[in-house]
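Trainee: Sending over a structure as structure tokens; questions will come in a sec.
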Amino acid sequence: MGGGDGAAFKRPGDGARLQRVLGLGSRREPRSLPAGGPAPRRTAPPPPGHASAGPAAMSSHIAKSESKTSLLKAAAAAASGGSRAPRHGPARDPGLPSRRLPGSCPATPQSSGDPSSRRPLCRPAPREEGARGSQRVLPQAHCRPREALPAAASRPSPSSPLPPARGRDGEERGLSPALGLRGSLRARGRGDSVPAAASEADPFLHRLRPMLSSAFGQDRSLRPEEIEELREAFREFDKDKDGYINCRDLGNCMRTMGYMPTEMELIELSQQINMNLGGHVDFDDFVELMGPKLLAETADMIGVKELRDAFREFDTNGDGEISTSELREAMRKLLGHQVGHRDIEEIIRDVDLNGDGRVDFEEFVRMMSR
């Protein structure tokens with residue numbers, strides 16, 4: 001037996017075959033990798049008895065006829081041109097009616113290129129019947145076409161300003177009657193056209209200025225209260241109580257009374273006092289110097305008391321109204337000449353607001369405030 005084994009091993013390759021069988025084969029040296037990278041590994045085909053072998057293992061668990069049928073159905077549905085499902089939101093069942101919120105505009109199909117085929121953006125929704133029959137869907141204002149706006153929308157609103165109502169002589173009602181004449185005088189200063197009623201009142205204004213100057217201006221004499229005011233100021237600066245004040249005290253007295261004379265005015269005043277009055281001023285000279293200044297200051301200051309005094313000068317019989325004859329007589333005294341009857345009637349007509357032919361105190365105040 002030993003000889004048989006030895007004879008068997010004498011065959012070429014028997015020893016290497018035996019080593020492979022026993023697992024003691026020599027190790028192979030690692031082969032060098034090619035430049036293109038590792039070669040793909042070859043997988044040995046499975047043995048004939050393996051479970052994955054055969055055509056049945058290559059297909060899925062679904063039968064081949066069923067998979068082909070489902071694919072054909074999907075391709076036919078895509079080729080039929082059916083509506084795609086929306087990308088956003090759930091799919092809507094075509095059998096259900098679409099719901100619309102009250103007041104919203106329904107969708108309209110796109111119009112063709114013909115302008116005559118265009119329709120309004122929205123039409124009033126019909127009244128719903130059934131369970132919702134009591135509810136009426138009203139269209140919103142923005143859904144109405146522009147041509148359907150009512151004609152009342154073009155009318156002015158009640159809050160829009162209306163032209164002021166004008167009364168007699170072109171005066172605005174509810175305003176002072178003096179404003180109409182003042183506006184006409186401003187228009188004349190700008191060169192605008194002046195109404196005829198305002199131009200007729202101009203002669204009255206020219207006659208009124210001398211009256212105001214005589215009653216309240218510098219042409220009048222000092223009132224007793226004004227003389228008493230000057231006397232108190234003179235006594236305050238008469239230090240030695242001899243009835244005279246010097247030039248320096250006169251300047252201080254003027255500043256105390258509210259007059260601010262310049263240095264040049266004080267020099268001229270002192271020269272006049274030294275030359276004509278011996279360097280001292282008594283009360284009469286003081287009134288002569290300060291009277292015109294006091295009258296010039298109060299010339300434009302007309303109060304209610306002064307207006308009542310002037311009204312009494314016109315109202316000679318004291319009945320509270322100025323008649324045509326009283327106005328003619330007062331103007332004759334103030335102006336120094338007789339005024340014609342026609343001119344007096346024009347003055348009364350311009351001043352008389354209630355049209356009774358006479359002038360009361362209220363109308364007189366409005367006349368004087370022009």
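The backbone N, Cα and C atoms fix where each Cβ goes, and this holds for glycine too.
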Trainee: Report which of SER32, SER98, SER117, SER323 appears in Swiss-Prot with the annotation phosphoserine.
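Mentor: Of SER32, SER98, SER117, SER323, Swiss-Prot lists SER323 as: phosphoserine.
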Trainee: Please list, in sequence order, every residue of the chain apart from ASP238, ASP240, ASP242, TYR244 whose Cβ lies within 8 Å of the Cβ centroid of the Mg(2+) site.
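Mentor: Here the non-site neighbours turn out to be LYS239, LYS241, GLY243, ILE245.
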Trainee: For the domain 'EF-hand 1' (225-260), what is the mean per-residue pLDDT, to the nearest integer?
Mentor: 84
